[in-house]
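This report refers to the structure that appears directly beneath it.
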Amino acid sequence: MVGGPYFDVKLGRKDGLESKAHKVRGNVPMPNQTVHDIHGMFKKNGFSLREMVALSGAHTIGFSHCKEFSDRLFGSKADPDINPRFATALKGLCKNHTVDDTIAAFNDVMTPGKFDNMYFKNLKGGLGLLASDHLLIKDNSTKPFVELYATNEKAFFEDFARAMEKMGTVGVKGDGEGEVRRRCDHFNNLNV
């Protein structure tokens with residue numbers, strides 16, 4: 001629908017019987033984590049560094065709330081690596097983020113409604129929204145993959161599709177451990 005690659009999604013995967021917000025931390029990357037810490041999460045699930053960078057490319061669509069990146073804009077710890085014009089625009093957008101926590105910015109400011117490799121091109125130009133995104137171009141272990149995907153959308157799409165198919169095999173529940181959801185907008189025993 002937004003121009004990204006096709007990948008198979010296996011049917012019948014069981015989801016957990018409950019969902020608890022406190023179990024998220026340590027299993028989902030946070031916006032201010034280091035490349036090392038984020039890769040550790042992916043590595044424990046069998047993902048390579050290249051697969052982690054490819055999956056980070058999902059940030060080519062979507063948005064993030066200002067509270068997730070405001071520390072890069074305001075105060076003594078403002079990030080000098082962020083593109084100055086981008087920083088000025090974000091400061092204007094997020095100036096009231098402490099009063100209104102719904103204020104958000106697109107993860108990919110250039111092509112926010114299209115799944116493409118612009119996210120990686122943006123990182124090279126100082127237009128990475130989240131600190132964890134920006135670190136992908138700064139870290140010597142991930143920079144080659146960012147550069148590859150910025151110049152070769154086909155490679156990004158192929159790696160992303162394979163990594164998403166692999167993601168679908170992580171934590172598969174056995175008999176009695178989960179349920180096949182009939183409705184994806186409804187959670188049984190949701191406890192957040």
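Note that Cβ sites are derived from N, Cα and C of the backbone, with glycine treated the same way.
TrEMBL annotations: computationally assigned, not manually curated.
Marked as domain 'Plant heme peroxidase family profile' by TrEMBL: 1-188. Across the domain 'Plant heme peroxidase family profile' (1-188), the model assigns an average pLDDT of 90.
According to TrEMBL, the feature substrate binding site maps to PRO29.
If you look up TrEMBL, you'll see HIS59 marked as heme b binding site. Sequence-distant neighbours of HIS59 (heme b binding site) (same chain, six or more apart, CB under 8 Å from its CB) are ASN107, ASP108, TYR119, LEU129, LEU130, ASP133, listed in sequence order.
As annotated by TrEMBL, Ca(2+) binding site applies to THR60, ASP108, THR111, ASP116. For THR111 (Ca(2+) binding site), other Cβ atoms within 10 Å of its Cβ number 18.
Residues or ranges marked as disulfide bond in TrEMBL: CYS66-CYS94. Close to CYS94 (disulfide bond) in the fold, though at least 6 residues off in sequence, lie CYS66, SER70, LEU73, ILE103, ALA105, each with a CB less than 8 Å from its CB.
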Set of same-chain residues at least 6 away whose C-beta sits under 8 angstroms from THR60 (Ca(2+) binding site): ASN107, ASP108, THR111, LYS114, PHE115, ASP116, ASN117, MET118, TYR119
Sparsest-packed among the binding-site residues, when each Cβ's other Cβ atoms within 10 Å are tallied, from ASP108, ASP116: ASP116
